[in-house]
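Structure first, then comments.
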Amino acid sequence: MPGGETVTSSSVVTAAAVAATAVGLLSASRLVRRWRRSRHLSALRSRLQAAYREAKTRFGEHINEEVRRQQLTDSEKSEILSLSTGELLSRLRAKSLDPARVLLAYQARAYEVDRDLNCVIEFLQPDLAEVNLDGPLAGLPISIKESMAVKGKYSCFGLAAFAEKPLPTEDCSTVKILRALGGVPFVRTSVPQTMMSVLSHNPIEGAVKHPTAENRSPGGSSSGEAALIAAGGSPLGLGSDIGGSIRLPAAWCGIAGFKPTSGRLSRQGQRSVSVQKLVPASWGPMGPDVASLATFMKAFCNSELHDQIDPGVPPLGFNETIYVESRPLRIGFYLYDHQFQAVPSAERAVKETVDRLASRGHTMVPWDPPIRRLNLMETYLRAVTCDGAGILDDALNGDRVSYAVKLGLHAIQVPWPGRWVRQRWCRLTGDSETEEWLRSSVPMPNVLSMWYFNQEVTSLREEFTHRWREDKLDAIICPALGCPAVDLEPKSPFNGCLSYLVLYNLFNFPAGSVPVTRVTASDVAAMSNYPLAGRLVMRQ
Ligand SMILES: *[C@@H]1O[C@H](CO)[C@@H](O)[C@H](O)[C@H]1NC(C)=O
């Protein structure tokens, strides 16, 4: 029938038109939904911002009033603030200092520091009656990262959607134990959006600034802690570390930070965005010096409440004998991890430390970490984005995305054909950092590949510990990371230099960073011979 064809083709046309309209309507409705969500999240964000701002203003007035009422003079305040954490603590224990005045001095200082550095989310109003002042921390003010859940307080990590999550009905185990030990949590400090970043910005609180270099990043994700402590606004703080988040900001701001083995300290009730288990999360102390970190570890590990609250932690006290003994140690050291060559200043820091320790009678052993066959950053990134970064995508859905996460996430969010093209392009142009992100952030195809991946990491870790034992080492020293503080808002990714940090997350070893030296003019001059100079911008 001649007319049949006409009918068929017109019905095809109709069907195509219907399909096109349906697709159009669907994507239009998706766009509308997305627009509504982002408007909703904007409103949530503004509400939070206004609430935090108002609370800070009220706190400022309250503190000024208290300083006047309690007649805390500038000289008394600076005397309190000038004490080392250890000295402060021993005077508090001896009851020769009043914990209320110490708290007031630190509150006033933290308020000043926050006005310059924007490192505090909110000031708590601690009630000293709730703190065991006879405990080993005897009323010491302690700053805490936003992830340490406090009853009735948000933990948003710069994500507006998290403001709709139920508020914690109790404090996390860390905060409970802290109060029982005599610690006084007094401020909550800021983090980069999602906390899965080593920068310091989020769209709710803005950027935490570096305490001494205006246009640099203080690092992250324990950004607020590092900046506040370095500027003298807190004698001790608590951060968390799943990829250098304690050690990196500590190194960039010039303070000390310690990440214990995951599981050594209870983290019941702490909050985070990432829930993967391939790289274990850890938290620990940050402070002006190593002694302050040891004091904290000692108090916490010796707390009876610790294993009562959390039967998952080993009932293993702090071994004072080992801590105070002065036998000569056998210490391995390396300048290069076969992954990323550290800048000259980082190498100099290790060399000077090695010389100093050798002059004190320790045996220093050049050590070659057995990780040659490991592409460390790729392995680490694969582990933390084994879900194809789906959890980050979810958390950020419809929200304003900070540059602190954009750098890495932009690479991930490219759909397949674009990803392939972009990867080739990055290889051509030598953008190895972005290429690494693209290569490693594909979702694990199935459970089996995740198991094999895990097995591979475990066997590398065994090889590492085996070599350590064979060489009879007590400790290892290496660059904290490959580069000093980058720009506040860097233009390109710099994941390569993190290899020195993430190794000890992937292998779950205790690790810390200690301030040794600062970048000098000759370090900057030495950059002319540094092979990766094009990848890093160095200034004094
Ligand atoms: C502390 O460590 C030393 C040396 O390894 C050991 O002899 C001692 O038993 C340990 N003490 C405790 C309380 O674990």
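The backbone N, Cα and C atoms fix where each Cβ goes, and this holds for glycine too.
Note: TrEMBL annotation is automatic and uncurated.
According to TrEMBL:
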- 12-32: transmembrane segment (TRANSMEM)
- 102-524: domain 'Amidase' (DOMAIN)
- K145: active site, charge relay system (ACT_SITE)
- M195, S221, I242, G243, G244, S245: substrate binding site (BINDING)
- S221: active site, charge relay system (ACT_SITE)
- S245: active site, acyl-ester intermediate (ACT_SITE)
Please compare the binding-site residues M195, I242 by how many other CB atoms fall within 10 Å of each one's CB, and tell me which has the fewest.
I242
Could you list the residues of the same chain, at least six apart in sequence, whose Cβ is under 8 A from the Cβ of K145 (active site, charge relay system)?
R188, T189, V191, S221, S222, G224, E225, G237, L238, G239, S240, W283
Quick one: what's DSSP say for K145 (active site, charge relay system), helix, strand or coil?
strand
Taking 8 Å from the centroid of the Cβ atoms of M195, S221, I242, G243, G244, S245 as the cut-off, which other residues in that chain fall inside it around the substrate site?
M196, S197, V198, G220, S222, S240, D241, I246, L248
Please report the DSSP secondary structure of S245 (substrate binding site), reduced to three states.
coil
How many other Cβ atoms sit within 10 Å of the Cβ of S221 (substrate binding site)?
35
Measuring CB to CB from G243 (substrate binding site), give everything in the same chain under 8 Å that is also at least six residues away in sequence.
M196, V198, V279, Y380, V384, L498, L501, V502, N505
So what's the average pLDDT for the domain 'Amidase' (102-524)?
94
